[in-house]
Structure formats: C-alpha cells, structure tokens
Amino acid sequence: MGSCFSSRVKADIFHNGKSSDLYGLSLSSRKSSSTVAAAQKTEGEILSSTPVKSFTFNELKLATRNFRPDSVIGEGGFGCVFKGWLDESTLTPTKPGTGLVIAVKKLNQEGFQGHREWLTEINYLGQLSHPNLVKLIGYCLEDEHRLLVYEFMQKGSLENHLFRRGAYFKPLPWFLRVNVALDAAKGLAFLHSDPVKVIYRDIKASNILLDADYNAKLSDFGLARDGPMGDLSYVSTRVMGTYGYAAPEYMSSGHLNARSDVYSFGVLLLEILSGKRALDHNRPAKEENLVDWARPYLTSKRKVLLIVDNRLDTQYLPEEAVRMASVAVQCLSFEPKSRPTMDQVVRALQQLQDNLGKPSQTNPVKDTKKLGFKTGTTKSSEKRFTQKPFGRHLV
C-alpha cells in the first residue's frame, strides 16, 4: 500500500487492461434524475447545478481515520481509495463501524490530467441518477486536496470476481455473470439515451462495482464526454481508454461515438464468458489479446463452448453460453454501424436472463450455424473480422 502515500502520476494516456485497482479506481457514481444540465461540462470548474455535498478536508480525514494505511481499499494511477464512515442524516464524520459506509478517493497532488478527470467525474456523476451507476455523495476541493466520496460497494470490482484466484475470490456463478452483464448494459444504455447522451469511454471489469447483493454499477467517469450519438462521431486527437477494450476505429483514427462503447462492452462479455482478461501478457503470445484468441472459436455454436470458463462446470446450459457469445460477436463488429445499440443489447440479455435454466427445443451444440465471425485472410494491419448485422433476434 506504500504507493498510496507517494507522488505518482499517470504515465500514459492509455493504460493496459491488467488493473490492480481493488475498487475499480476512480470509483464512481450517479445523481440528479434522468435529466442532465444543459451547461457545458467544462474542464475548469464544478457546475453550480451539481447537487452533491462539498466536504472539508478535515471532515474526510476524520471519516477515514486520518487516511490510515489500514483504511485503504483500493489504489491506482490517480490515487487511493479509503474506507470511511458518515452519519446518515447529517453526512458528518462518525466513529468507525457506525452510520453510512463510504469510499473516499484521494487524488494524487501531481498531474493536471488527473485534475481534469476529477472534475469530469463530479460534473457527470453529480448530474446523473440510475440504479446501475455508483452514487457520488460529494467531493472536497481545498487547497491542493482533491477528493471524491462515493457509496461503498461491498463486493468490490467485477475484475476481482472474474480473474482473481484464491480462497477469498470464488469464481462468480453463471447466473450472477448474466445478472452483472445485464446491469452493466442497462447503465451504459442509460448513458447513451436521450437526453443524457454520454459516451463512457472506459467500460472494463475493474470499473464495474458490485454491492452486497451483487448488483452491478458503472464507476469511474473520468474519461466520459458528451455525445454524439447515432452515426455521428468525434475525431479525438488524444486517444484515451484501456488497451484490449478500445474499439479498432477509435484506436486507429480517433473516431469516437456510442458504438465505440458497444465494442468495449463486447470485450467485457467475452471476459464474463471466458473468465480471461481482455489483455494478459502472461498468456502465450497468440493468446494475449482475448478478442484475437477467441475469434476462431466464435465461428460456430459448437466451438464457442470451448471458450467458456471451465470453473463454471455444469452451471449453465449450452444455449445460454451461445446466446451471450452471440451478443458479444455482434458488439465486436469491425464496422461500427453494424454493432447493436445498447438498448438492443439490454433486450437480448434480458431475454437470456429470463430464460436461464430453461432448455430450448433445439440442441445448439449440434447446430453449427455461424454465429457471425468469418474466418479467412485479411490485412494484418486491420485485423478485420466481419459478421452478420444485428437483426431482430440474436439467435
């Protein structure tokens, strides 16, 4: 935990997919109703319409027991997250173990990029309210101190439950994986909806937090930005996000729109299905990138079962894995216009959840109908993999 108490700035705009953030660092939030202030979310100021509490630095010192090392529950490139306690009615510090449990993210004092993302987090999460966005309770801006205060998410990040091995982190059961995927999809669909129109830009397992009942919520809005939606796109001169998750068109040209988030969500679905990280340099070279490794298995319903996390054993029906893979395949279309909207993804995953444990009339293991990806040679620089358009029904 020593790195929490030393100066550290983000070394690169892009960070790799392997995160050590126990709390999905840059925790996160929700707020206000389904309306968003029309004011421009500037990089230089906190919007006056942001209805969250402004804490003093001393209040948060008291709430976290003076930011003691044993209060640390997560750390990352921008700082550390501490566990604390507030009185539920007054939001004033209270003794440990009583009142409202909170998570306090303390920004490292160096780095303008970190400050900008801190402001972005407040100005988005202070305006948005949805069951699948982590709640932002307040912030502190005092002298050189910048902190964010969130609701405490008891089960930590999805990353821990998918990838960590050991007695404490049991493999996430299949039905919970489906529930988490649906919750995350609902949160992302809300961000893309009218009048919100927000591009999240950093969907990944470490940014999905789980409460005591394993309800999933999106966190870390430091890279979020307004629209555009539909077929319109921004051209960004600074590509930001996480290797392994970012859409190919965004990586190659900086073109960014809501369908870029959809691609990243497809990568997340593959992680949920396989129990493997989007990018892992500890795997053999041909298996480092999850999408590239999974592509040959996603050509048919029979082969797709070979990529399912073997720790799940007999918890799932074959057609359930096929349906999740089918959603992932279509999200991962190389052509952005061929990807589904997040509303379509929500409907597909809702259907999957509603039918868990109900065998279908056909046997998908014997059915070798193509799921979508086509094999064959393409330009290596493009790494193309094509698929059928997202139709009325996924499978």
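Placed from the backbone N, Cα and C atoms, the Cβ positions cover glycine too.
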| said: Just to confirm what the record says: which one of Lys41, Lys155, Lys217 has ubiquitin cross-link annotated in Swiss-Prot? | reply: Lys41
| query | Can you check which of Ser6, Ser129, Ser264, Ser274 Swiss-Prot annotates as phosphoserine? | reply | Ser129
| remark: In Swiss-Prot, the phosphoserine annotation, restricted to Ser7, Ser28, Ser89, Ser300, falls on Ser89
| Pick from Thr64, Thr98: which does Swiss-Prot describe as phosphothreonine? | Thr64
| said: Please give me the recorded positions out of Ile73, Glu75, Gly79, Val81, Asp202 that lie within 10 Å of Ser219 (phosphoserine), comparing Cα atoms only. | reply: Asp202
| query | Once the chains shown are all counted, how many other Cβ atoms turn up within 10 Å of the Cβ of Ser206 (phosphoserine)? | reply | 28
| So which recorded positions are near Ser71 (phosphoserine), with CA atoms within 10 Å, out of Thr56, Gly79, Val81, Thr120, Ser253, Ser360? | Val81
| message | I'd like the Cβ neighbour count for Thr341 (phosphothreonine), meaning other Cβ atoms within 10 Å of its Cβ, all protein chains included. | response | 17
| remark: Students should find that the Cα atoms of Ser129 (phosphoserine) and Val81 (ATP binding site) sit apart, in Å rounded to an integer, by 22
| note | Three-class DSSP assignment, Ser71 (phosphoserine), comes back as helix
